[in-house]
C-alpha cells in the first residue's frame, strides 16, 4: 500500500474512532439529562428521544465499518477452516466482494432516499432540522463500509491476510488466559531463583 493510501486510512481511522466516541458521549449526556429532568423536575425535552435514536443509528452505522477494521464481527468459520490457505483466500475474496456489492447497493438506496428527502424538504418529527440531515448517515456509513471491505480485499490480494478475519471471542479469551498463566509461571520461577525478592 502506498504512503498516500496509508495516510488516508489513518485519517479515516482516527475520524471514525473520534466520531463514535463523540456520538456515544452525546447519546449518554442526552439520556442522562432526560432522566434527571423527568424524575427530578417532572419535565423533559420532547426532541430528546428522536435525537437519541438518530445518535444511536449514526453510532451503529459508523460502528459497522469500525468492526470490519478491528475484525470484531462475529461469524461462523467452520467451513472456511476446512480449506487450505489458498481456499481460504478464495472464499475470503468471495465474501468480501459480496459484502462490497451489499454496501454499494445500500449506498445507492441511501443516497436516493436522502436525495428525495432533500428535494421534498420535510422536517424531522421533533427536531427543528430537515429530515435529510440525520439520514445522511445512510450513504456515509455504507461508503465507509465499502472502504473498509476494499481494504480487506487489498490485504487478501497482496497476501497480508488469508481471508475475511472474524472476531473469535473464545480464542481471544483462551489466548488471554494462557498469556496470564505463562506470565504468572514466569513470575513464580523468578521468585524461586531469588527467594529474597531482590531483582
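Glycine is treated like the rest: Cβ placed from N, Cα and C.
Those TrEMBL annotations? Automatic predictions, nothing curated.
Under the heading domain 'Tripartite ATP-independent periplasmic transporters DctQ component', TrEMBL lists 27-158.
Counting same-chain residues at least six beyond the ends of the transmembrane segment (20-41), those with a Cβ under 8 angstroms from any Cβ of the stretch are 48-49, 51-52, 55-56, 58-59, 62-63, 66. If you look up TrEMBL, you'll see 20-41 (among others) marked as transmembrane segment.
Per TrEMBL, transmembrane segment is recorded for 47-68 (among others). Beyond its flanks by at least six residues, the transmembrane segment (47-68) meets 16-17, 19-20, 23-24, 26-27, 30-31, 33-34, 124-128, 134, 137-138, 140-142, 144-145, 147-149, 152, 167 of its own chain at Cβ-Cβ distances under 8 Å.
Cβ atoms under 8 Å from those of the transmembrane segment (89-109) belong to residues 80, 83, 138-139, 142-143, 145-146, 149-150, 152-153, 156-157, 161-164 of the same chain, restricted to positions at least 6 beyond its ends. Feature annotation from TrEMBL assigns transmembrane segment to 89-109 (among others).
The transmembrane segment annotation in TrEMBL covers 129-147 (among others). With a cut-off of 8 Å between Cβ atoms, the residues of this chain six or more beyond the transmembrane segment (129-147) that come close are 12, 16, 54, 57-58, 61-62, 64-65, 68, 99-100, 103-104, 106-107, 109-111, 113-114, 117-118, 121-123.
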